[in-house]
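Participant: Sequence annotations record features per position, and here TrEMBL assigns domain 'Strictosidine synthase conserved region' to B:480-566. What TrEMBL lists as transmembrane segment is B:32-53, B:65-88, B:108-132, B:139-161, B:181-204, B:230-253, B:265-285, B:317-335.
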Amino acid sequence: MRALGHLSQEQIVFGLAVLLCIGFAIALPGFLTTNNLLNLVRSVSILGMLGVAMGLVVIGRGIDLSLVALMAVSVAWTLQLVANGVPLHQAVAMGLAFSLVTGTITGCLVAYVEIPAIFATLAMGTLIYGFGRYFLLRLDVVYMPEAARHLLWLGQGTIYGVPVPIFVFAGVCLMGYLFLRYTRAGHYLRAVGDNLLAARITGIPARPVIVMQYVLSSLIGFMAGMVTAASVASMNTRVAISTYVYDVILVVVLGGIGLSGGKGGIRNVIVGTLLIGVLLNGMTIMDIQYTVQNVIKGIILLTAIVIDTIVNPRDEQTAQQGDI
Amino acid sequence: MSLSDTMTRWRYRAVPDHLVGEILTKRWVDNAIPMLILLAVLAVFGSLIPDFFGSASVTNLARQWGEFGLIVIALMIVMVAGGIDLSVGSTFALGNIVALALISVAEWSVPAVVATTVMCGAAVGLVNGLLVGYLRLRAFLTTLVTLIIVRAIVDMLLLKYSVSIAAAFPDSDLWYFFGEGFLLGAPFSVVVIVTIAVIIHLVLSRSRAGWHILAVGGSRRSAHNVGIPVRRVICSTYVVSGILASLAGVLFASRLGGAGADTGIGLEIAALTAAVLGGNSLGGGRGSAAKAVIGSITVMIIVNSLVRLGVTSGANSLLLGIVLLAAVAIDVRWLKNRHKVLSKVYVSPTYADLPPAPPTSGASPYALNDRLRPVELIGLGRIDGPEDVILDDDDNIYVGDRTGDIVRFFAPDYKRQEVFAHTGGRPLGMAFAKDGSLLVCIGGMGLYRVTMDRRIERLTDETNRSWLSIIDDSRLRLADDLDIALDGRVFFSEATIRYEMHDWPVDCLESRGNGRIVCFDPNTGSTRTVLKNLVFPNGICMTHDGQSFLFAETWGCRISRYWFDGPKKGTVEPVISDLPGYPDNINRASDGTYWVALVGMRTPSVDLAMKMPGFRKRMARRIAPDEWLYPNINTGCVIRFDENGRIIETLWDFGGENHPMITSMREHKGHLYIGGIFNNRIGKLKLDGMDESWTGQTSYWGRT
């Protein structure tokens with residue numbers, strides 16, 4: 001442990017990913033082909049984007065369990081609007097607006113009503129799914145209509161042989177990095193996540209910053225949703241009640257963004273995404289049963305949380321009563 | 001009295017404002033709101049759905065509730081200890097599939113099946129408990145992960161056994177009895193959950209283990225500091241939770257006998273909603289089996305009724321989400337603001353119309369003078385707050401002080417003093433009993449006796465609880481003054497039942513009849529309330545006929561007489577109803593009249609405020625207590641009066657130079673000894689023309 005003490009969690013995870021890569025490359029034929037590697041990155045780029053969204057919230061000492069539900073419902077609604085004859089750009093604008101408004105509501109519930117983020121977003125996830133299914137959508141799965149053909153490029157197109165989703169992922173990562181590194185709002189976000197009370201005392205508008213986290217997360221979520229829909233030419237809203245959002249948390253926690261907030265950055269998300277991508281890809285190639293994959297992912301996430309707890313112990317100052 | 005005054009008076013007589021605050025102080029109000037929600041839900045769906053209250057419908061609902069309720073109780077136990085268990089839904093599904101596999105495929109006997117299934121649930125709980133309790137992981141995420149893992153395990157089992165489960169028919173009457181049988185006229189699962197709810201309730205409220213759980217949830221750090229094994233307690237709650245969830249799974253298996261892929265999916269959200277809706281706090285410390293039961297019934301009815309109304313699946317999760325959000329929001333805001341609301345509404349002034357104050361000038365019997373100016377000071381600066389003064393047969397002075405001591409000053413020069421007894425409360429009124437022991441009213445404690453050899457004995461600290469009182473008025477909060485009847489019965493006043501000792505000015509702000517007079521009978525050891533709804537009853541003094549006593553109501557500015565014996569037994573008569581100040585202790589004078597101390601004088605502004613309850617209420621809510629309008633208690637006087645209410649003389653220290661602030665006086669051998677609750681001295685005044693051999697003891701007990 002002492003020898004490992006010099007390494008950050010990020011470096012350890014990166015090392016693990018590289019080791020896994022080497023292991024798979026030796027053990028699995030067909031793993032180390034350009035095609036498979038591009039495929040690998042492409043398949044996790046959506047997860048990575050969601051990871052950036054989740055990462056921003058977690059750095060601000062929150063958590064967004066409604067991320068996937070909001071993504072699914074807002075994008076599915078956009079597609080359905082297009083299918084109903086609404087012009088594409090208008091439909092996208094409406095879907096985005098829905099997403100942002102919902103994000104704002106979630107943020108207000110956390111910041112102003114002071115519901116713990118974990119419960120607010122859990123309930124919002126259920127609520128958004130129910131709202132979408134009851135009021136907005138007719139079917140579980142909404143297919144991409146003809147009128148939205150242009151969108152397909154976002155998921156299936158390539159630039160110089162590299163799939164577009166990878167570029168989108170890279171763009172989102174870059175924006176997230178610049179936001180955290182150079183903007184005042186980004187600094188505020190980290191300050192609020194590090195120590196809410198201190199941030200408030202120094203005059204940072206803590207509550208608006210918390211709302212901003214969830215708006216940002218819903219914005220990135222919508223982009224990730226569009227890419228998802230474009231990749232498979234449909235949006236399955238049942239993903240909202242699946243365990244997909246926990247994969248996103250897995251990426252974030254695994255990458256080394258402490259759940260107690262204020263720590264980590266976009267690089268951690270990339271590293272976490274990489275490890276998960278390699279893992280999922282390898283398991284798929286090895287043809288491991290889906291349920292077993294779930295167990296493995298669960299155990300890895302559990303281990304990640306255990307390590308997170310040991311590396312970032314919750315001391316009695318930061319651990320508050322009712323902080324669960 | 002003007003019309004508006006009359007209306008105000010009736011308004012405050014008819015609407016009992018103070019009950020709102022008192023209800024808010026009760027713990028059961030936490031259950032009242034969920035109960036109202038439950039009744040509302042019952043009313044709405046009962047009217048929407050035909051035959052909702054039919055026996056088939058109710059039986060079906062009750063049987064499902066048995067399973068769901070168990071899960072909510074499981075979650076509640078974890079929540080009370082400050083954690084959360086989202087894996088209950090998966091554990092429930094695991095219990096279901098394991099039980100089915102064991103009974104149908106492995107064909108085990110029913111007890112073995114139940115035992116093994118419960119062990120499986122306990123194992124899942126143990127994993128959660130070890131991770132959350134001992135490794136101190138975050139409960140929410142940890143149990144989410146175990147939810148996923150257990151769900152994946154259930155899916156694997158399903159793939160393997162679902163076909164053979166569907167094909168098999170377990171050959172056991174007991175098994176079908178679990179699912180379809182009735183016990184004592186109720187479905188079996190209902191019997192199970194009622195039994196478990198009662199057990200859990202008893203454990204949480206009556207046993208050491210339960211108290212440990214509540215303590216850990218209330219404040220983990222404090223629980224650790226008092227030596228509670230926090231980690232073990234937390235771990236055990238998860239184990240119990242796993243056991244109960246898997247038990248629910250067994251009941252479900254026996255009822256439906258089929259394993260589906262969607263069993264228990266989303267159940268954690270419904271259970272969480274139910275638990276919070278019932279009033280169990282997220283973050284722990286507040287929760288009970290009753291709350292879990294109320295919440296689970298409410299959610300059960302909502303979910304079930306939506307299905308019966310044929311609403312699509314989306315509406316269900318929409319509604320659950322909204323209810324969960326609302327319940328959590330209310331819970332958070334309620335916990336945060338309850339004490340603020342309480343402090344705002346608890347003080348509820350009422351209309352008090354005092355008769356016009358007589359003048360204190362000219363030919364008035366209350367006219368100002370300087371007769372207290374020559375008092376000789378005893379113990380100046382060496383005593384802090386002698387509320388009452390009393391002298392024994394040897395002329396020693398006894399006074400209570402602010403630090404809880406009864407101090408004795410030795411005759412004849414009173415230079416020497418000693419602590420006669422340390423009470424620990426605030427010694428107020430005193431009286432010597434026939435046997436020479438000293439009876440003391442101790443604020444915050446009750447009625448006590450200090451024997452001649454200085455032993456302190458409790459006589460009483462509670463009286464009968466009134467049936468219709470919302471706050472528990474059996475405990476004595478502020479025993480104030482006492483006197484002893486010839487047969488030994490002790491009558492003492494309790495100034496207020498709504499406030500603690502140090503909040504007495506707030507009681508003035510209310511000026512409601514919050515006080516009472518209580519009788520302690522040493523012959524039977526019983527304590528009974530004899531007079532209720534008095535406005536800060538204070539001084540009590542036996543009249544010379546031995547059948548009645550005089551009592552002063554401080555904020556009522558009056559002195560009345562109560563007969564506890566004789567032909568007029570049980571009646572109250574006014575003696576003086578328009579004092580110019582606030583009366584405190586009353587004591588006998590040597591010539592058959594009585595002394596009363598006026599602790600402060602009435603002022604026109606306070607008198608006016610007494611007729612404006614709304615003004616006082618706004619004052620109490622909006623400005624700091626330091627800024628409130630208080631009655632004057634800086635200047636007062638001593639009055640001598642007779643049984644007919646005639647004022648014989650008034651003693652003032654005009655300007656308060658030698659003895660300000662008077663709460664009591666005691667005549668003894670031609671001298672008057674004066675005490676004051678905020679004073680730092682005892683005054684001794686030579687009385688002219690009074691019997692120089694008279695003492696209280698001779699007057700009461702005929703001793704010399």
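Placement of Cβ uses the backbone N, Cα and C atoms for every residue, glycine included.
Could you give the neighbours, burial and distances for every feature on this list?
Facilitator: The domain 'Strictosidine synthase conserved region' (B:480-566) scores a mean pLDDT of 92 in the predicted structure.
Packing against the transmembrane segment (B:32-53) from elsewhere in the chain are residues 277-279, 291, 294-295, 297-298, 301-302, 305, 308-309, 330: each is 6 or more residues past its ends and has a CB under 8 Å from a CB in it.
Tertiary proximity for the transmembrane segment (B:181-204) is limited to same-chain residues at least six positions away from its ends with a CB under 8 Å from its CB atoms, namely 59, 62-63, 65-67, 69-70, 73, 77, 80, 210, 213-214, 244, 247, 251, 255, 287-290, 292-293.
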Participant: Treating G and I as helix alongside H, and B as strand alongside E, what does DSSP give for the domain 'Strictosidine synthase conserved region' (B:480-566) in helix, strand and coil?
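Facilitator: Final tally across the stretch: 10 helix, 44 strand, 33 coil.
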Participant: For the transmembrane segment (B:265-285), I need the partner stretch with the highest count of C-beta pairs below 8 angstroms, choosing only from B:108-132, B:139-161, B:317-335.
Facilitator: B:317-335
Participant: Among B:108-132, B:139-161, B:317-335, point out the range having the most Cβ pairs under 8 angstroms from the transmembrane segment (B:230-253).
Facilitator: B:108-132
